[in-house]
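The Fe cation binding site feature in TrEMBL is assigned to E107, Q141. Residues annotated as domain 'Ferritin-like diiron' in TrEMBL: 10-159.
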Amino acid sequence: MADSVPQMPQSYLNECIAAINSQIQLQLYATYIYLSMAYFCNQEEVALGFFALFFLRQSQKWMERTEVLFHLLTERRGSLTLGRIADQDRHNWMDGLMAMECAFHLEKTLNQSLLQLYQLASNQGDTYLCNLLKRHFLQQQVEVLKEMGGYLTNLRQMGAPENRLAEYLFDKLTLADSTKED
């Protein structure tokens with residue numbers, strides 16, 4: 001790693017550090033949003049405990065991935081620039097389906113940002129960063145987008161959100177089974 005960094009142009013290193021900081025900020029925002037979704041679903045009047053657990057695990061995964069980027073900044077002797085985490089757009093989701101839809105769109109945004117970071121690294125021949133993104137981020141994004149897309153399809157086919165029983169059954173059967181696998 002130490003050999004690859006000095007060979008890269010300073011302009012790329014600066015652009016790379018800025019892009020990593022931007023990714024960190026987005027991932028911290030995702031962590032925050034997922035915590036909010038978990039709290040919403042865990043409320044007594046919503047009672048979607050496995051939705052809550054799913055969102056809590058997503059929050060934890062994004063925090064772990066953020067730590068990977070923190071370490072990369074340290075290795076590259078870059079500075080960490082933490083800004084204010086933007087307020088979420090919605091403080092209360094109407095139901096589990098709406099929360100899952102928002103989560104799916106959040107994951108698509110995160111994926112696009114990661115692909116842009118990968119493209120930046122690839123254009124400059126930064127194989128270390130490309131490999132790190134492949135190993136810790138990109139494949140996981142494919143999997144979670146596929147998983148959430150399937151969840152959304154199932155919820156809609158079951159009649160959510162009009163049929164409140166659909167979310168309850170999805171929570172108790174589908175999401176309960178998926179948490180056993182983790």
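Yeah, the Cβs are placed from backbone N, Cα and C, and that goes for glycine too.
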Could you give me three numbers for the domain 'Ferritin-like diiron' (10-159), the DSSP helix, strand and coil residue counts? 119 helix, 0 strand, 31 coil
Which whole number is the mean pLDDT over the domain 'Ferritin-like diiron' (10-159)? 93
